[in-house]
Structure formats: structure tokens, C-alpha cells
Amino acid sequence: MAKYIFVTGGVTSSLGKGIIAASLAKLLQSRGFKVTIQKFDPYINVDPGTLNPYEHGECFVTEDGAETDLDLGHYERFLNIHTSQANNVTTGRIYQTVINKEREGAYLGKTVQVVPHITDEIKRRMLLLGKDGKYDIVITEIGGTVGDIESLPFVEAVRQIQWELPEEDCLVVHLTLIPYLKAAKELKTKPTQHSVRLLSQEGVHPDIIVCRTERPLSTEIRRKIALFCNVKPEAVIEASDASTIYEVPLFMLKEKLDVICLKKLNVTIFPEPDLENWKKFIDKLKYPKGQVNIGLIGKYIELQDAYKSILESFIHAGAINECKVNVVNVHSEFITDQNVGEKLAGLDGLLVAPGFGNRGIEGKITAIKYARENGLPFFGICLGMQMACVEFARNVLGLKDAHSFEMNAETPDPVIDMMEEQKKITNKGGTMRLGSYPCDIKEGTLAEKIYGSLHINERHRHRYEFNNKYMEAFEQAGMIPSGKNPETGLVEIIENPKHPFFIGVQYHPELKSTVESPAPLFVHFIKAAKEYSEKQQSVKNPLLESEMI
Ligand code: GLN
């Protein structure tokens, strides 16, 4: 049987519970334990797939095609493991299961209630991943903030699990905020005291308190928190602001968060952590040798969380290239034929992001045309790839009104069309082509060079696809379908061999990029951007080149 660690949050949201949970998991993993993390979200949506990115940030897709919370992305990037549908559960999913069972008559005439029926279903799912011996430790992050009405059943489930399991098999970590009051020049512990009291009123007493703080916690403050919150002083952990989220595991190691957890779980023998590679990665990240400017074009660029996995993939790829990646947000709505050169000036690469709907679409197409014609490294993901096809059809094949069926259902040339199986679907939730699918790569292409393989698997989230009726015309004009699904022939990768780096993919490589294994497409895109930048420098300053010779 696995041991269970629950992570709750208090005082305010956005304290970075996911990062703390992932960091703890990383430390335990680095000491040789088999660890997984799951997240329980208290909202009624069955999954975040139907949520606007402005509401909830990026929707992360797992191998098995679950549309999940973006924290699962952090778990995968930190731990280099795959999560699944079982790792993200919402109130909506819990109620759906219970209501379906009620309709089947499974409750034999009983009144179905929050306690015990909803809490039983929460408990069943909380314990599920620890059942088959695959993991030593299961970490469960409870979304929301303690005291919220909607998180009550989850806290109650944790209370019951604590009561049911042997004491050494389960513990609760509570993450809070210790604000600094400038006027008083003091760190304040009262909000933490209140939040622990709230949690205690709900029947759960935290074993460890992790304090987010802008200033170091003095021994005195630690003792005060410990005393008023009824934990041992060593169980008060300082989580100060880090320059990168990837440093948080090292901060937590210094604070002995993992050792305190293991002690409470009655695990007394464990090896020293092996964090060699992790530290090397951080060194490369913190001390880059050069930099590139990458333009990111998307609909939600004001919101960092909307493209979380893409931004993290750039960090992984930058580190391996020993190069800082400055991501420049480009609003496509304001790009026109006249100003495109000016808008994209100074960029060493252009990434057109995934997305849905019409807003800013013409600007994206104009930017892609510029990148294609000017040798600017281009990388299109999902909608970005689809728009690269539209651009090529319009400006190279001369199909002036070509478009994606998604944007214009009346277009005479739907070079991007709705997938056949999507045509019968009416429900929006969980019905796209989701999850991992194989892709066969054509020999001798850029894609082969990037992956070093002819067979890959990548994750998807889309309803539209390249229309194979146009394949021959595309190939003849120099846009090559270099990756295809082996069963359906669906075009997964397009590339332009006449260009130094022009590639579009129907799938989402950002979803599989981790610290230990950065996504090859991002690594090569940054490499191409570096080369482009060096070339630009030498054009600007020919002396540089001759000096190099
Ligand atoms: N809207 C496009 C589709 O559904 C692209 C989706 C995406 O970029 N994830 O096919």
C-alpha cells in the first residue's frame, strides 16, 4: 500500500500549490521513491476542456487524452512521468459518477447525500492510484482555498482518510502566505493562524506548514507559527520567491521538506537525493551564453498561463542550447501587410500558437507569409500549422480564398477541413481528437533530423485537419507532408525544405517537454533561431564574420 500526502492551500489562491507539490514529489523521486501526483479541483465542470483559457489557463492533455488542469503539466515536467485521466478529478466528475450510479439504481433506495456518497467517491478516487503497488507515495493537491464552500467535501474526505489509515500512512501539508507589511516592517502570521484554524474546524490538522514569503522567516517567527498552529518548529517551512520554479525543489531540500515528510510517514532509511542533472539544468538556465528573441503569436498572449507548456518548453530548450529565450508577445490583430516587417523586427524566430476561432487570424497568416519569404525560423503548432497551410495555399498555390473550414465554412478551398468523425459530434466536452497518436516520418526530412527517428508519438487536441485533396498540389509547390498518421494518413507535420527552418505540426509537442527530456522540436527551433540571430549579426557587422575566420 502506498502512503499519501495531501497538499491544501490557505489565505489566498495562486500561492503555487502545484509547484510545491511537484517539488516535494521531485525530492522524493530523487531519493528513489516511486511517486505520482494528482489534483482534485472543486469546480463543477467535468474537466477543464470547456473552460476559456482566460478563466483557467491552459488545458493540459495527457497521453490517454484527458483534458486536465495545467498543474498536471508541472507534475510531468518536474517528474518526467506521464499522468492520466485518474490524476485530475473535479467535483463535476465526482457528481457525474454518483448521479449515474443513482440512475442505475446502485444505491438501493437510499437517499444519496454529500456525506457519505460524494465523500466516498472522492475517497475512492483519492486512494485509487496507490492501490496497485505502482507507487510508494501518492501526493494529492486539493485545488481552491481552505474555507471555500466548494472545497468542503474534499477536506472532509481527507479527514476521513486520515482517520481510517494508520497514522504513519498519511500526512497533510498546508501552504499559506506570510505577508510582509511595509508600514509595520513586519511579517504577519495571523492569516496563517486563521487558515489553520479553519482547516482544524473542518477536522483536518496539518502536519507541515509551508509558508510563502517575500522575506526570510526568523527563528522567532517560525516558533510563533509553530506554537499557534500546533506543529513542531521544524515543520514550519520557508518557501521564499524563486527566480525560476525549477529552483523550488532545491529550496525545499534546504528546508528539509522531504525529510520531515518521510519522518512523519515513518520511513527511516532512504538514500541521499540524486539531483545532479537537475542542478546542471538550473546552472545552464541561470547562466546562458547567448539569447534569442522568439515572437509568440496567439489569442491569449496577455495571459501567461494560457501558453504555460509552450513557455516552459522554451525554458527547457533554451537551457539545452545554453541560450536565454526572450518570448516576445505579438498581437496578431494589429499585423497588416504594411507593418508586418516592423512588427516582427528583431525576432529570431516565430511561433504561431494553438487556438480556436477567427480573432486575429488574418494577422497570423500575414506573419507566416513574412517568415516564409524572409527565411525567419517558423514553428506552427496545431492552429499555427493549419494557418501555415492556408497561407501557402493562398500565396503560393494562388487559391486566393483558401481557408480553414473552422473560420469560413463557405470557402471554395477548405485546405483545412473538419475531420470526418467530428462531423457527427454535437457535445463540446471531451470530443476533440485527444491524446497520443503515432506518426510516421518521411525519410530525409527536417522532421527526421529533429526527432532522429521515423516513428514518433505525440499528443493532440483538435477537430480540423489538413485536407488531403490538396496534398499533391502542396508537394509539387514545395510544402512537404513529412509526418502522417500511419492508419488514417492524416497529415501531422508539414515542412518547407527550401526554407532554413519552416515546420508546422498538427499535434502539441509542448505537452511532452520535460526538464529531463526537452521536446526535440523546441530544441531545434531554438537552435535555428540562434543560427538566424548569428547570421543577422554578421550581416549587420561584416567584421564579426571576418574576425571569426
Ligand atoms: N482550432 C483548431 C482545430 O480544432 C486548432 C486546435 C488547436 O490549435 N489546438 O483543429
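Just so you know, glycine gets a Cβ as well, placed from its N, Cα and C.
Per TrEMBL, the candidate among Lys134, Lys224, Lys232 that belongs to the UTP site alongside Ser13, Lys188, Thr189, Lys190, Pro191, Thr192, Gln193 is Lys224. Among the candidates Asp64, Asp69, Asp71, the one that TrEMBL lists alongside Ser14, Leu15, Gly16, Lys17, Gly18, Ile19, Ala242 as binding ATP is Asp71. Site annotation (TrEMBL, ligand L-glutamine) includes Tyr54, Gly355, Leu383, Gly384, Met385, Gln386, Glu406; from Arg124, Arg461, Arg463, the additional listed residue is Arg463.
Only Gly355, Cys382, Leu383, Arg463, in sequence order, out of the recorded positions Gly16, Gly355, Cys382, Leu383, Arg463 have a CB under 6 Å from ligand 1. Taken together, the residues in the region 'Amidoligase domain' (1-267) have a mean pLDDT of 94 on the 0 to 100 scale.
Cβ neighbour count within 10 Å across all protein chains ranks Gln386 highest among the binding-site residues Ser14, Gln386. Once Cβ contacts within 10 Å are tallied over all protein chains shown, the recorded positions Leu15, Ala242, Cys382, Leu383 are led by Leu383.
In the three-state DSSP scheme, Gly16 (ATP binding site) falls into the coil class. According to DSSP, Leu383 (L-glutamine binding site) is assigned to a helical segment.
In the three-state DSSP scheme, Arg463 (L-glutamine binding site) is classed as coil. The most densely surrounded of the recorded positions Lys190, Arg463, His508, judged by C-beta neighbours within 10 angstroms, is His508.
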